[in-house]
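Asks: The following block contains the structure, expressed as structure tokens.
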Amino acid sequence: MSKFWLLVKQLYKQKVKAKSFIFSIVLYIAVISGVMFWSDIKEAFFQDEAMQIALVNETNAELEGLFESTSDIEFTFPNEDIADLEKQVIDGEYAAAIFVKDQENSLAAEIATFEPLTFNDQLSISSILQYAGKLYEVQQLNLTAEQAEKILQSETVISMKNLNEQSVSGKSEDEKAAGIGASFLVGFLIYSFVMTFLSMITTEVASEKGSRVLEVLLASVKPATHFMAKLTGIFLLALTQIAALLIIQGLLFMFIDGGSKWDLVMEIANELSLTYIGYAVAFLLLTIILYLILGALLGSLVSKVEEAGQAMMPAMMLGLTGFYVLISGMASPDTMLIKVFSYIPFTSGMVMPLRIGATDLAAFQPMLSMLILIGTVILLFLLSLSFYKRSVLTYSSGGIIQKIKTVLKVTT
Amino acid sequence: MTLFIDQVTKKYQDFVAVDNLSFTIEKGAIFGLIGQNGAGKTTTFRMILDLQETTEGNITWNGTHINSINRDVLGYLPEERGIFPSMTVEDQLYFFGELRGQQKKKLKKEVDYWIDRFELEDKRKAKAETLSKGNQQKVQLIASFIHKPEFLILDEPFSGLDPVNMDLLKNAILELRDNGTTILFSSHQMDNVEELCDHLCLLKRGVSLFTGSLLDLKKQYGKTKLTIRTEIPKEVLERLEGVKEIHVGKDQYTLTLINESYAQSIFDFVSNGKYIEKFSLDYLSLEEIFKDKVGGTHV
């Protein structure tokens, strides 16, 4: 086995067996499963009783049919007087009493509560009342059932026609929604992986340098071999983690709850184009490589492992910036901020997939962003390789800038 | 198989770490590189290991430039501990052996031998971070020569070792030398250098103050250290001709003579033709010569 693969094997074996690595996979699966199966978990563990709402109909119309009980809200229609009902609300028998009356052919409602309603409950009740109000008004117009149905179900058919031949064909709303959802997942994964493996490689190099084992290793292998072995070992770990996540999560989706979540994932995946998936994977892997190179370089600057946190701070800020820009684009993926950051190499991996998935953009734009990213990876690799050789055996104090100055001073 | 350092200089922007250094180490020799902290010892080692480039001069191993040789012929023990904290003793030795081109199967015999020799059998499966400082030093030392290097560099190999382990290490170094390994080492413990080295180089701020055999260095000063046990008062002894300095010990005097030719007359005076319990004329110790050369009291 060559020295390069021996170093890779040693690093990979040591890290893949580490409790922290296994724990991080479990944590990712727990978080993703928690989000995906939240409704089932909620049902199993938090079976709240439905909120009791007394509804008093003071109109002449038949309204009971408009207020259907759900698992969260149970409507009852008592015939008691207002004072008695209000007392029952105060006593906690009802969460709220709603008094509905006619006001100039429109529905007016008064909600009486003792304990304030939560924001979500208030929204749910408001939504039901708004819908009931529309139905009430339709009833007042004395329309036929078909006419009423038509008005209530009316929806404008919208289609897109793209006049720009250079641009890709317009995406449907469903495709864009799927693109936003998938992009958030891709962006979140890139951000999480980048932070995890950036920290891992910086600490790894700093630890070897701090413990002086690096000096022994470099007596046997060239710094370039060592640098490449660190990048390869940690990158293989990242691939292992991605593969483990995909396989375990996929199996969980397939076999839990009759595969309903797997169907949902497939449904979203079908809305995404192959181009999107290809770009997302390429951005994911390239961004991880970019941050690994930066992490190894920063790790080589410190004198002891305790300084690794401080050294990786600038790279973490870059990653965090990309993630915040991605979040800002969830509601509106067409802003100038999103456009600018989709070309900056350290953030494009998180931001460009959002633009590809959720906006209509010319084919050259993601291609250009990808080329800038590839160019930066190559450039940073060459620069880091040259600098690594000089910094890896230089020990100095002070901040990162001071350390860089020292390296340059003692090696030129 | 010789190491040849030829007029090597290492300059940084604002200082010279090693200045025009030259020496040769013959095959199977033990060569000592001594100097105060910051004298340039580690820089010299790093240049030999091709971890740092020379500014001027050449370093060759058996006639080949050091950056062109197969690095597996070298072994290196750095001054500070350099082992993987979470790796077991045994795995560590196999890893470093394999890294230096040995096959795992062939390493077993060596690993077992040295673990036994350094009394580490019960620590074989222990993680390095759980070992005492001395045991870590032993593991690191074995790791530096487990691949049977032709040329071994030991930077402060004795630091952190108790007298028993120090003897173990000295014997191991001599065994390696007997098996043909050429050894270059540095130490602040001059008695160890004196015991092990045939040749040495004395560095001060990157400049060689002396390079050659230990005996030649001692001969430069001559036999000027005279130790005597006598009832004669100090005031009388210090007035004797040829006495430069006198040091009063617990039950003896140590006199520094101007040169050894005065010893005979001092002997005649002190013994006065009778039995004398102690009269010993010797070379200065390496530590005394070192202090004299570098002009400091700290080694």
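Using the three backbone atoms N, Cα and C, a Cβ is placed for every residue, glycine included.
Sharing the feature lines straight out of TrEMBL:
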| type | residues | note |
| --- | --- | --- |
| DOMAIN | A:19-385 | domain 'ABC-2 type transporter transmembrane' |
| TRANSMEM | A:21-39 | transmembrane segment |
| TRANSMEM | A:177-202 | transmembrane segment |
| TRANSMEM | A:234-256 | transmembrane segment |
| TRANSMEM | A:276-299 | transmembrane segment |
| TRANSMEM | A:311-331 | transmembrane segment |
| TRANSMEM | A:368-388 | transmembrane segment |
Asks: Six or more residues beyond either end and a Cβ under 8 Å away: which residues meet both conditions relative to the transmembrane segment (A:21-39)?
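Replies: The answer is 15, 192, 196, 237, 241, 244-245, 248-249, 252-253, 256-257, 261, 264.
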Asks: Residues of the same chain, at least six outside the transmembrane segment (A:234-256), with any C-beta under 8 angstroms of its C-beta?
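Replies: Answer is 8, 11-12, 15-16, 21, 24-25, 28-29, 32-33, 36-37, 193, 196-197, 200-201, 204, 262, 265, 284, 288-289, 292.
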Asks: State the non-local partners of the transmembrane segment (A:276-299) in its own chain: residues 6+ outside its ends, Cβ under 8 Å from one of its Cβ atoms.
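Replies: Tertiary neighbours of the transmembrane segment (A:276-299) are 179, 182-183, 186, 189-190, 193-194, 197-206, 209, 227, 230-231, 234-235, 238, 242, 269, 308, 311-312, 314-315, 319, 345-346, 348-350, 352-353, 356-357, 366, 370, 373-374, 376-377, 380-381, 384, 387-388, 391, 400.
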Asks: Who are the chain neighbours of the transmembrane segment (A:311-331) in space, where the CB to CB distance is under 8 Å and they lie at least 6 residues beyond its ends?
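Replies: Non-local partners: 180, 183-184, 187-188, 190-191, 194-195, 198-199, 202, 206, 291, 294-295, 298-299, 301-302, 337-338, 341, 346-351, 354-355, 358, 400.
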